[in-house]
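Per TrEMBL, these features apply:
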TRANSMEM  42-62  transmembrane segment
DOMAIN    291-342  domain 'PAC'
DOMAIN    504-577  domain 'PAS'
DOMAIN    581-634  domain 'PAC'
DOMAIN    647-863  domain 'Histidine kinase'
DOMAIN    883-1003  domain 'Response regulatory'
MOD_RES   ASP937  4-aspartylphosphate
Amino acid sequence: MLSDFLSNASPTVQTGTGFLSSAAEAGSGRGPLLAFVGASDAVSWIGLIVLVIGAAILGGVIGRRRANAPPRSPVGHALHLETMLDQTEALLWEAKVVADGDVYEWTVELQPSLLSRRLFPDVGAKRRVRLWRDHDVPEIDEMHARAREAILSGRDSYRQEFRILRGEESMWMREMVSIRRRGPHEYWCVGLVVDITDRRQAESARWASENSLTEILNRADCLLWRSKVTQREGEYQWQAFEMPTSALYPRLFGDRPVGLGAKLWSCIETPELADMNRRSLAALKSRSDGYEQIFPVINGEGRKFWLQEQVSIREQEPNEWHLVGVITDITERRATEHAVQQSERRYRSLFEHTPVAVIEADFTGVGRWIEGLKAKGVTDFSRYLDKHPRELLRGVAKVRLLSSNRSARDMFKAKSTRELEGRRGRIETASSLRAVRGTFEALWRGQNTFGDAVEIRDMAGAVHSTNMRWWVAEHDHGLDLSQSVMVFADVTELKQVEADLAAQREQLAVTLRSMKEGVVTADREGRVQFINAAAAAMGHVAESPAVNRTLHEVFEFTDERTGKPVLLPLDQVAQGDLVAEFPERTILTDMQGTRRLMEGQLSPVHNARSEVIGVVLVFRDITDRDRLERELVRATRLESVGVLAGGIAHDFNNILTTIVGNMTIAELDSPADGTVGLAVREAGQAALRAKDLTQQLLTFAKGGEPVREAVDLTTVIQEMAKFALHGSNVRAEFDLPGDLWMADADRGQIGRVVQNLILNGAQAMPEGGILTIKGSNQDLVKPSAPNLAPGKYLRIDITDTGCGIRKDHVSRIFDPYFSTKQSGSGLGLSAAYSIVRKHHGLLEVQSEPGKGSTFMVWLPVVSRAAPTHVVESSAVDYPPGARVLFMDDEPSIRQMTKQLLGRLGFEVTTTADGAEMVRVFGEARAAGRPFDLVMTDLTVPGGMGGQAALPLLKEIDSEIRVIVSSGYSSDPVMADHAAYGFWDVVSKPYKLPDLRQVLQRAFTKSK
């Protein structure tokens, strides 16, 4: 019984029981806390809400919690509790549970109450029941399983909710059970059951309402929110912000909880949030009944939405407002509106800038006029207008011009559409009135388009030929006469073009015949239909016989590298799929066997319907251009080598100067017939042979210019041939007329050219042979070579009968360091080529493998008086003890030259650069011991050279004679020293005789 349970309960239970009784008697609205002792001596607290209305007590369970309750003194209110339970909607049961394996035997007794009498009306005074097995409880199996699991797991309590079905109605119960172990297989359980049917029904109704609202919001694809705003001390505070979820909610906020309230807008990117807040605050301050706004947001995925928010404001009481807002996704509508606006702008832009005249007009009045005629019984509109011609003008007056584009205003020479409307009579012609009549007749027939060729005037009276097109927009109910468009394409110039077309065709034929490019047109099968004069000349064919023959029959194209025929892709080009370029190095061999390098292309010819009706072959002779390009490439290579070669030669010549000079001193100090003297002379000769190599390198040096004079090449050629072929098995045959012109050349440099070419020809005939050297005068009015200027030239041909040169080597034969000989340096022909080009001449080669080669040299002839040095016959020796100032940056050269000049009887002072030389020169002159002669190096790396110092020396002594020396023997100063202010020149390396000779000239009375 309950009294037994309470007697065994903890003091806290007894205290709680007493409190329950006291609360009921006092009418308290807060329930007691009732606890049961469990197996683990823990205490489960169950809070009961007790509403006391009169003498009735209504209870419900509101929660439970665990705690270690301190023991309290027992209170004996068991009997009083039974009386209270008998009057409440709660059910209290106790049970003894005996476990026998998997079988649990329950002995249950009820405590009488209002709820127990409703659920168990037949129990009466008996308190033993089968509990829920006597009722229709769908969850009964789960309930027993839950109880068994709680007992087996040693828990001290469990709770559950379940239904009791009573006909078509259901009762929802909440049951809370406390478990106490009494023995190994015996348990004592006490259960408290509360009827929660009303609460569950209320929750179901609330869930149904929320689901209904959510479904509405999902279907409406919008957000609904409400909030309360209060004003306290001038500040507006948003409170109780609510926003039910909808289909739009996750698209905007993702999985963020609704509970964030108004802070949701801060969770996504809301660019106009500050403006939105100001707008709502302004509405509240102005006591407005609502406001509306459109704003963009960007969700967490970066997607942009446009939202429209409509907010209603209702004042609840002073300084308190209730706000309800509806937010709609208008992104698609916004995009549609934007697209419509863009379409309108595009249309207006096209309308205004289209190159044809466009006029928008309203034909509504015309439509009413036509309907009126039909109402009057007119059935034949055309005949009616014939009988009443003035009626046409009535119809014309009913056309309203709405707008015109720039092209229309320009064509009609009108400043505005209003002017065009007001002065319409000036532009009408008989032709335009016929066209207007045609539009009226089309409307009569229910048609919305009409077109015709129209002549119309502009405001200045000029007549324009146009193609006019008129149409009316259509809608679901027929024609929209308020939207009519007239387009006038001005074809006045086109008419003139058509009139001039025949003349232009003749001009085109004349042009094609005068072109340098070959032009050939053929049909789709490749049969020639037209060939211009240039194509006929390049193929050496007559125009008439070539027509109707195939392109491959008329022209023979081959690949220069392979010798195989070049087949033009006629079929592919005739299909219109290809514009075929000639392969590189395509050769045209004409009917006479002449081979010329060509470039060109084969293209399709289309008619007005874009159909391929044939092909056109355009080609040009690029033989001369190719030669010029190769010359340019070769010259570029030579120039790049020249920069390097000049530096190397300069440094090498400085070294040779020291070697040759010291060898000269050693030779002077050694017996001429002694062993040392012979060795010194041999070493000196070897050093001088090294000078020839530097001379070849200097040929490439940038800026090197030959010292040109009138040269008799007959003598030079014969001397060089005799020298180069001495002791060989090659014999030279000369064809040099006695009237050969004098060449304008540097004798020494041209001698090296001739020598190199003769040696090259001799080396090409290792078994011996004849080398033919031929000279001729040529007055080239139109040179055959594109890089020769018109003028008089001396041509030298050197022909051998050797092995010839391979085709792939011909283009590289003049490249620096290119050689097919193991012992060749690759500089001989390159040097020859460079020398000839610096003489403004030309060096070319023609060769055929197995038959020999011919090198052809063109040199300009003398067109001015040859420069000569006039030296008085009364030349005197240089005075002994004369003072010489010598400058060079190389210490070894300064020491060697000082010894050589000392041997000649000079007093020598040496300096290392131009600045020191000028200083020493000025100091000597100021001291009354001036120098009689100055010898200076041309350049000094990183310092002042002789060329820069010369003006400073002339400022000190304008009559001083300065001799320049340099390892850059091809420098422009060395080639024409007098033009730069020097008295004489000596090239490094120099020997004692060289110095003696230049000094002898320097001390003569005149030059």
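Note that Cβ sites are derived from N, Cα and C of the backbone, with glycine treated the same way.
Source: prediction; values computed, not measured.
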In three-state DSSP terms, the structure that the residue listed as '4-aspartylphosphate' belongs to: strand
Residues that sit under 8 angstroms from the residue listed as '4-aspartylphosphate' by C-beta distance, when 6+ apart in the chain: MET887, ASP888, ASP889, ILE893, GLY945, GLY946, VAL964, SER965, SER966
Average pLDDT across the domain 'Response regulatory' (883-1003), rounded to a whole number: 88
Counts by DSSP class (helix H/G/I, strand E/B, coil) across the domain 'Response regulatory' (883-1003): 56 helix, 24 strand, 41 coil
Residues in the domain 'PAC' (581-634) grouped by DSSP into helix, strand and remaining coil: 12 helix, 27 strand, 15 coil
